[in-house]
Amino acid sequence: MASKIEIFDTTLRDGEQSPGVSLNSYEKLEIAKQLAKLQVDVIEAGFPIASNGDFNAVKTIAENVKGPVIAGLARANFKDIDRAAEAVKAAERPRIHTFIASSPIHMKYKLKMTPEQVLEAAVEAVKRAKSYVEDVEFSAEDASRSEVEFLCKLFSAAINAGATVINIPDTVGYATPEEFGSLVKTLRERVPEMDKVKISVHCHNDLGMAVANSLAAVQNGATQIECAVNGLGERAGNAALEEVVMALVTRKDLYNVDLNIDTKHIYRTSKLVSTLSGIYVQPNKAIVGANAFAHESGIHQHGVLSEKSTYEIMTPESIGLSSNRLVLGKLSGRHAFAQRLKKMGYELDDEELNKAFERFKDLADKKKEITDKDIEALVEDQVLKIPQLIVLEYFQTSSGNQTISTATVKVKIGEKSVEEASTGDGPIDATYRALERACNIDCKLVDYSIKSVSGGKDAMGEVIVKIEKDGKLFTGRGLSTDIIEASALAYTNALNKTLWNNGNGR
Ligand SMILES: CC(=O)SCCNC(=O)CCNC(=O)[C@H](O)C(C)(C)COP(=O)(O)OP(=O)(O)OC[C@H]1O[C@@H](n2cnc3c(N)ncnc32)[C@H](O)[C@@H]1OP(=O)(O)O
Ligand SMILES: CC(C)C(=O)C(=O)O
Ligand SMILES: [Mg+2]
C-alpha cells in the first residue's frame, strides 16, 4: 500500500527569507488561502518573534485559513516560543516549530554553546511548546553537517520531551542524495522513537540538489517534505514545492506514495507567489516555467501533435494550465504551421501552404516568435497578391535630421532590371519617387498608413498605401520587420496593380 507524504509549505517563512522578498500581512493571507486550495498539509506562516508584522501575519492566517496545520517558527528559547504560541493559537490545528543548530560549526561559532547545552535547550524548548500545543516540530539546524551520534541523542531527547515531528534539515544544501538518503535511514535505524513521529526533511538548493535530496529522503522513510513555491528560500532557495509534488505524482511507479495536494492549483499558486514576491520564474523552470509545456522545434511539435506523450511526461492540465503551447519560430516545421493555420480558420491547398511556409521561415529568420497576427498578415498578403510584374530587388536609403534624404532602388520589370535614385522629404518619400522613376509610372500618393502587426521590438510593420493614377485609386500592402522595406513593398504592390489594371498583366 502507498504511504502518505505530507507537504509542509514554508513559502511564507523560509521563502520570505529570500533576499529582496518582503510580504505584508494581506499578501501573506492571500498566499495562505491559495496554499489551502492547493491542499498543502502544513503552512509555516512565519517567524512570529521576528517582528510585529510577522506576528500579525501568522495570527491572521491562523484565524482565517482553515484546512492545513498552521505553524509558527521559534528559536529554542521561551520568548520565541511564547510569541509563536500566541500567534498560532486560533488555528484549527496549530503547530509550534522550534529549532536549534546541532553541527559543531554552528554550536561553536554561532550559538557559542556546548552540545550538552544545546541538548538541554532543545528539550526545554520542546516542553515549553508542548505546554501550549499538542503538535510540536523540532528541527536540528544544519543536521547534514552534524555528528550522527549527537543527532541521535538530540532527536531521541526531543521526542521524549513531546516532539511530534522531527525535522532533518540540509540547511546549507551541502548533502548529496546518496548521503542524505542514508542519513535519514541511519537516524530511523538508530533512534527507535523515530517510529512514533513524523519524519520531516528540509533541503536547501545551494548545489541544486534540494529536490533530489528530498526525494532520496522519501525513499528512506521521510514522511514530510518541507518546500517552497517556486523554490523560494534562503540563498539559492528551498526544494521547489511544484517539483517535489510533480516528481512524486509523475513517478508514482517509483515512489509509491500518496499526497493530499490538488495539483491543478500548482500553476495559479506559482503565479500568485511570483507576483506578490516580485521574484520572476525563469522560463525554463521545471513545471511552472513559461517553457515547461511549450514546444518550438519541428520534430517535437510533430511528435506532440501526433501523441502528446512523445514529449510530455505530465499533462499541462494536471498543474492547471489549459493546454500546452506550440511556439512558431525558425526551428518549427510544416506540421505545426499547418495546424496553426487550420486552428485560425485558413484552408490552404498544398501549393499555397508551401508558399506560406516559405514566407513564414523567411520571417522567422528575422523574428524570434511568430504570432497569430503575423501569420494572418502573411497569409492575407499572399492570398490577396496579384502576379508581380514589378519586383523590388533592392533598395537603400540615407536620411538624417541634417541631410536631404536619398533613396536608390532596383526593380525588375518583366525581364528588365532598372535602377533609379531620388531625393525626397524623408526616406520613404525618396523611395517612392525613385520607384516611380524606375517604373516610369506617373501617380500620386493619396494615403499612407502604418501599424504594428504584432508586439515587441521585432514586430512586423504593415504599411497600406493608396495611390491615384488616371483618376483611379490603387491600394498596396507591404509587410516587413523593417518599416522602410514594408513601405517600399506596399508602393511596389500598388504600382503593380496599376499595370494589372491597364491590361499589361499576364
Ligand atoms: C536556518 C534558518 O532559516 S533559521 C531562521 C532564520 N530566519 C531569521 O533569522 C529571520 C527572522 N530573524 C529575526 O528577525 C532576528 O534574527 C531575530 C528577531 C530572530 C533575532 O534578532 P536579534 O535578537 O537581534 O539577534 P540576531 O539575529 O542578531 O542574532 C541571533 C541570535 O539568536 C541566537 N540563536 C540563533 N539560533 C538560535 C536558536 N535556534 N535557538 C536559540 N538561539 C538562537 C544566536 O546565537 C544569536 O544570539 P545572541 O543575540 O545572544 O548572540
Ligand atoms: C529553521 C530550519 C528548519 C531551517 O530553515 C533550515 O535549517 O534551513
Ligand atoms: Mg531553511
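Cβ atoms are placed via backbone N, Cα and C, with glycine included.
Listed in sequence order, Pro169, Asp170, Thr171, Val172, Gly173, Ala210, Gly233, Glu234, Arg235, Ala236, Gly237, Asn238, Ala239 are the same-chain residues six or more apart from His204 (Mn(2+) binding site) with CB atoms under 8 A from its CB. Summarising the annotation, TrEMBL assigns Mn(2+) binding site to Asp14, His202, His204, Asn238.
Residues or ranges marked as domain 'Pyruvate carboxyltransferase' in TrEMBL: 5-267.
Taken from TrEMBL, the feature region 'Regulatory domain' applies to 391-506.
Listed in sequence order, the residues of the same chain lying 6 or more apart from His202 (Mn(2+) binding site) and placing their CB within less than 8 Å of its CB are Thr10, Asp14, Ser139, Asn167, Ile168, Pro169, Asp170, Thr171, Glu226, Asn238. Taken through DSSP, the region 'Regulatory domain' (391-506) splits into 32 helix, 53 strand, 31 coil. For Asp14 (Mn(2+) binding site), other Cβ atoms within 10 Å of its Cβ number 23. Reduced to three states, the DSSP call for His202 (Mn(2+) binding site) is strand.
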